[in-house]
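Visitor: Could you have a look at this structure, given as structure tokens, before my questions?
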Amino acid sequence: MRIEEDLKLGFKDVLIRPKRSTLKSRSDVELEREFTFKHSGLTWSGVPIIAANMDTVGTFSMAKALATFGILTAVHKHYTAEEWLAFTQGASADVLKHVMVSTGTSDADFEKTQQILSQNPQLNFVCIDVANGYSEHFVQFVAKAREAWPQKTIIAGNVVTGEMCEELILSGADIVKVGIGPGSVCTTRVKTGVGYPQLSAVIECADAAHGLGGQIISDGGCTMPGDVAKAFGGGADFVMLGGMLAGHEESGGTIVEENGEKFMLFYGMSSESAMTRHVGGVAKYRAAEGKTVKLPLRGPVENTARDILGGLRSACTYVGASRLKELTKRTTFIRVQEQENRVFNSL
């Protein structure tokens with residue numbers, strides 16, 4: 001046993017210090033970035049925000065809606081190969097360049113992903129997603145995926161520390177997904193006692209990944225556009241959003257009615273709801289590590305997307321960053337005890 005004495009920080013623990021700026025307008029800020037990935041060699045440009053690969057967020061409808069903003073969608077892994085084929089045949093090339101295929105690490109997952117990629121060679125991103133990216137089996141699967149799909153950009157996660165980030169990149173991942181327990185419907189930290197405050201995880205993993213020519217995704221912990229800006233300021237190349245994009249027309253959640261008001265169900269992918277829906281229930285040897293919530297219907301996602309991008313542009317103007325790429329270089333975090341004036345929050 002050992003104790004690390006260094007304080008680790010989440011997004012709620014800091015604010016970004018404003019700095020002198022020459023920008024006249026938020027419209028002067030360029031949010032698009034261009035990346036050339038380490039192993040695949042592919043180049044991608046767009047807004048580096050990703051809708052999470054949850055079945056109540058990462059849907060085909062969400063992908064079509066967010067692609068108009070240049071935003072990526074990690075489509076959840078529960079679509080069949082036939083559904084994928086129907087989607088790609090009806091979607092434009094501009095939509096498909098912003099789509100990721102998600103997979104688990106079972107033999108069945110591998111075979112289905114192989115089929116999807118064979119039928120739809122225009123898809124360039126594969127997101128290998130497990131709750132615990134520290135297992136030897138996971139690292140071996142990433143290496144297997146790299147060998148099988150050498151020209152695809154591979155995302156692997158989730159982890160929260162630099163040494164594991166490096167191992168995944170050296171095993172074939174182009175991008176590492178960072179975050180254990182910060183999600184809005186994730187209960188891993190309270191069920192297991194395991195986790196890492198998200199901002200510190202991003203800072204540590206970004207340093208490790210960039211040293212090897214890889215990239216990272218900050219996955220989880222964002223509750224408002226300011227948190228997205230903090231994640232980018234901390235060194236994240238991409239930011240993945242779940243709860244902030246849930247409850248919309250494109251989210252695909254079940255709609256329920258209570259007292260004449262309609263709500264959409266949103267749940268973590270390790271929740272009892274998800275496991276009951278996809279694998280017939282919670283296995284006897286495990287506990288559910290997610291919860292189910294009812295969200296008021298929020299209308300089309302385009303309004304939320306504009307709000308997020310507007311907040312991000314504004315953050316850049318406050319520190320003089322004319323491009324999103326410059327935000328991390330211009331970010332100084334200050335530790336705080338308060339984030340906002342909450343006097344009217346209950347109204």
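Cβ from N, Cα, C; glycine included.
Per Swiss-Prot, NADP(+) binding site is recorded for 108-131, 216-239, and the stated evidence type is sequence analysis. The K(+) binding site feature in Swiss-Prot is assigned to Gly181, Gly183. The active site, thioimidate intermediate annotation in Swiss-Prot covers Cys186 and rests on sequence analysis.
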Visitor: Radius 10 Å, atoms counted are CB only; among the recorded positions Val126, Cys186, Ile216, Cys222, which position scores highest?
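Guide: That would be Ile216, with the most Cβ atoms nearby.
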Visitor: Among all the protein chains here, how many other CB atoms are within 10 A of the CB of Gly181 (K(+) binding site)?
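Guide: So the number of other Cβ atoms within 10 Å of Gly181 (K(+) binding site) is 24.
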Visitor: Quick one: Cα separation, Gly234 (NADP(+) binding site) versus Gly183 (K(+) binding site), in Å?
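Guide: Between the alpha carbons of Gly234 (NADP(+) binding site) and Gly183 (K(+) binding site) there are 18 Å.
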Visitor: Quick check: of the binding-site residues listed here (Ala108, Ile216, Cys222), which one has the Cα closest to that of Gly183 (K(+) binding site)?
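Guide: Of the binding-site residues Ala108, Ile216, Cys222, Cys222 has its Cα closest to that of Gly183 (K(+) binding site).
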Visitor: Which entry in the list of binding-site residues, Ala108, Val228, has its Cβ near the fewest other Cβ atoms, using 10 Å as the limit?
Guide: Ala108
Visitor: Whole-number answer please: how many Å between the C-alpha atoms of Cys222 (NADP(+) binding site) and Gly181 (K(+) binding site)?
Guide: 12
Visitor: By a simple count, how many Cβ atoms lie within 10 Å of the Cβ of Gly234 (NADP(+) binding site), its own Cβ left out?
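Guide: So the number of other Cβ atoms within 10 Å of Gly234 (NADP(+) binding site) is 26.
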Visitor: Name the residues of the same chain, 6+ apart in sequence, whose Cβ is under 8 Å from the Cβ of Asn120 (NADP(+) binding site)?
Guide: Trp84, Leu85, Thr88, Leu96
